Amino acid sequence: MPSAQKPMRYGHTEGHTDVCFNDTGSCIVTCGSDGDVRIWENLDDDDPTSINVGEKAYSCALKNGRLITAVSNNTVQIHTFPEGAPDGILTRFTTNANHIIFNSDGTKIAAGSSDFMVKVVEVADSSKQKTFRGHDAPVLSLSFDPRDVYLASASCDGSVRVWKIADQTCTTSWPLLQKCNDVINAKSICRLGWQPGTGKLLAIPVDKVVKLYRRETWDSQFDLSDTFITQTLNVVAWSPCGQYLAAGSVDGCIVVWDMESQKSIERMKHEKSYTICGLAWHPKYKQIAYTDTEGNLGLLENIGDEKKPNDKVTSRATKDYNDLFDGDDDYLSGDMVEPQSSPKSRANEDDDDDLKPTSGHFRRTVIDDDDNSLDIGMIKANSNLLEKEDDDDDQTGGFSALPPSSTQQPFYDGPVPTPKQKPFQSGSTPAHLMHRFMVWNSVGIIRCYNDEQDNAIDIEFHDTSIHHATHLPNSLNHTMADLSTEAILLACESTEELASKLHCIHFSSWDASKEWTVDMPKDEDIEAICLGQGWAACATSALLVRVFTVGGVQKEIFSLPGPVVSMAGHGEQLMVIYHRGTGFDGDQCLGVQLMELGKKKKQILHGDPLSLTKKSYLIWVGFSAEGTPCYVDSEGIVQMLNRGLGNTWIPVCNTREHCKGKSDHYWVVGIHENPQQLRCIPCKGARFPPTLPRPAVAILSFKLPYCQVTTEKGQMEEQYWRSVVFHNHVDYLTKNGYELDESAKSQAVKEQQELLMKLFALSCKLEREFRCVELADLMTQNVVNLAIKYASRSRRLNLAQRLSEMAVEKASELAAAPEDEEEEEEDFRKQLNAGYSNSAMEWRRQPVRNVQQDQEMEDAEETDAYEEVEETPEVHKERPNPFSKGVTSAEVTTPKSVVIASSSQGRVNPFKVSSNKKDPVVPSANVLDTMSKYSKKNGSSSGRAVNKQSPPVIKPLIPKPKSKQTSAASFFQARTLNSSEKTVEEREEKSGNESHEVKVTAQENTENRRPKTGFQMWLEENRANILKDNPDLNEAEIIKEGMSRFRTLSSEERTAWTEKAKGGTVNDSAEDKKRKRPTADEDEVEKNEEQKSEDSNLSKKPKPLDQSANVRLSAFAFKQS
């Protein structure tokens, strides 16, 4: 079975590194030119303990709980292990030592220095030193004979010497290496090694071969070589059993030979071909840890063909995990394999296929006990969970990974339980760190320092106006914290003497007593805490959630179905994540409860399963700033609650896509929906940041995983749905009584409708008309009207016809909308009144944002479409907020059309530039307005928006080249006549006809109050003839037919009809102009009319609104001219 090479980890800055295992193999120790010694629980350890030993560390060795390092201040120092406390200096040189080693029992060390000297020092009594002089250049490497008789050394003077330790004499010397003047110029650092156990052979890497010399005779026994090796060998290392020898070269090759056959059994090439400068065998398993001159650490597992040792480094956490599978132990053997919290990396795929259990032993995966997070590699490894053991358990040395009895165990080959993830606080770093973040959220940061001098907590607020920074002593050893704008919540676990405590500092309290503490019952430990608005909560080991007020009153208690994983609070919402059951094969099995603790207490999510990426675990859970629940898993997928789809979860971002390296991660600290921002801290080579230097927050954008987002269609679909998902909070908050900024909401609706319109245009171009109708279904009524224009402009009459039917339907839905909408409309009006004076003559327009750049449809086509079919957009352009109420595309509350609302409500605000559009069918098109921002008529959109120059005069309307249609009826005609032939009257007639249609489609409640247009009068008289010729026409078709017949009349006849109709209206309209507060239905009309005239910059033709409007407009056009 091939060995497994894990992806390397970045461990130190570039430069020489060294590596060794501790005595049990439970961790890997590396040192590097950054002066740090790092202790890795396994290759996936995202938080290796770091001990700074000096400016630069050249070499390290570890035995019996003592770590020795050669550092740049020319000393060899000793630290306790694993605490890393300095424990004195063993010896000094005049320059730095290049290599240090322990003897086999750890009582002595040997050090070789650049001052040509070699020293052997007793660890227990550093005054007992022996110095070996004889090399003529810096000493490169040393090796103790396992029997403590000899010491071998290699030097830049080209020689390898063997010294007798007892009398410090040189026994033999071979001129094997190239001479050089310093270690940095040496072709090879020539790390040599004695065969463990007997010390029979001394292996020396010389150029591309390893030479083996026999003890005592000192003659060359044989050479080991391999065609795979093309560059100089740098280091050799023996397996603890003495059966294998590994060598690493300066171009990143590692070769392992079997000493019996003298054949190479393993070849491995460094992923980047960097020089291998450190090699160490695992004391028990066939694993080799290696480091390179760029500061990376790698691991080669399962060395040696078919023999498969347990490839995990054992974890010191074994004891904590023995109880993880208590219930499952009936089919597990009692004595377990060393747990695997190992250097098993994320990329476990390589061994997925080779893990066939042949024994009843589970490999129990271990979650890094001290880490708040699980090891992903570990979890992945979990999928492999069973060790493959060979039936011939006759391995030499320390390789039998299982006790011999294991082969008799019953064979189990089913899915394997995943160890349950430990509880954690979101935004915290692991509790075993001396300096750690207890929480980092959108309010502030709580750091904990726990070192020799100090055990303290620092609290800092992002916004110091909430509270000033605070420093607290941490005498109770609090391990959990949360922070809100009202309070600081801390919790500690129980000790033998003290109960677990919840401690709250309610700094926003108005009285003098700002702190309270609650002790938990005996044997109940707090495992997670959170703060909301006015309340705090903690989840305990007794599977209870306890809720308190922020002042300390105990409130509700409820049971959890399983052990808590994490909690989060926001406003009235409390989210609890817990273990629903046991996951298998690397998957966690989590459930989520979401409750509202406001006046009406209710549960929103009742323990629904939490969807995590395969083989991942939860790393962050919380709420967006707007109160939408979110969580992040260890694969970097950010999920958000989609309230618009029955409280389902939708992935909104994959942070891994933003990471440069495999082992880089983003540590999430906050989520904002408006603006859309994922705030997180980039961590190079780790899962979380160190406290110092202060990490910088990066902002990532969201992206829903829609298909084909590289295409225009996919991209717009993703943007549309993202906008929808990220604005669900608006409805939720409105429903819960929060006041919201209307402009943000209308902006969102506008943006969504624009995207739909662009998609519509795109589908039109691609001739996908069915898809166009599906898109139109998502649009608001106004936008459907624009779509109709677009369709007729593109000569797609069938499509225009279908859309018109849809428009009529949408209009009638709007008409039927309940009363409350009318009340809303009132507010809407008030809001809109803002920029207008009270006189009908003086309009103070509020400029509208120019959204011109948003248009991606060809201007020409658009403008034409508008001109030809309707001018609505112009009319409403100045409405501040097209959608200030818009909710969903289907029923945007484009407030009622005049036809419906006006007559029924006697409102008297003539300046309501708003919703009462002329008719339900064509309510204002703000969205669209934005879309047509640049019609030819008003040179610049800004001009359009604020024609303030001449408020008081209502300008005469000058005929415009193309006529517009306003209502469903007109859409039915989808005409493309050349308007040059049309006269003003025609236009009026058309408008009449349209408004008539409108009336038909919406209730005819205003008919009696509206004067007729010439066309309408003509149509009434001639309807019978039309029906006689075409008995099966419906209303829309009658109008269409009437239009075409009316057009065939001579212009004199048409003028006559128009004058006839006008007869009764002139007075009214004049009167209306004088009146300050016209009645409700007229006021809209007049307003629209005035707006229109202004908008048109003196050159636009009136847009038909409804009959009275038309008539009035025609009155203006003629009376005043």
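The backbone N, Cα and C atoms fix where each Cβ goes, glycine too.
What TrEMBL annotates here:
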type	residues	note
DNA_BIND	1008-1076	DNA-binding region
COMPBIAS	304-322	compositional bias 'Basic and acidic residues'
COMPBIAS	323-332	compositional bias 'Acidic residues'
COMPBIAS	855-872	compositional bias 'Acidic residues'
COMPBIAS	982-999	compositional bias 'Basic and acidic residues'
COMPBIAS	1045-1062	compositional bias 'Basic and acidic residues'
COMPBIAS	1088-1098	compositional bias 'Basic and acidic residues'
DOMAIN	1008-1076	domain 'HMG box'
REPEAT	9-41	repeat 'WD'
REPEAT	132-173	repeat 'WD'
REPEAT	236-267	repeat 'WD'
Within-chain partners of the repeat 'WD' (132-173) [C-beta distance under 8 Å, separation at least 6 from its ends]: 95, 98-105, 108, 110-120, 179-183, 185-186, 189-199, 202, 204, 215, 218
Residues in the repeat 'WD' (9-41) grouped by DSSP into helix, strand and remaining coil: 0 helix, 15 strand, 18 coil
Tally of DSSP helical, extended and coil residues in the compositional bias 'Basic and acidic residues' (1045-1062): 16 helix, 0 strand, 2 coil
The repeat 'WD' (236-267) [mean pLDDT, rounded to integer]: 89
DSSP helix/strand/coil residue counts for the repeat 'WD' (236-267): 0 helix, 20 strand, 12 coil
DSSP-assigned states of the repeat 'WD' (132-173) in counts, ordered helix, strand, coil: 0 helix, 24 strand, 18 coil
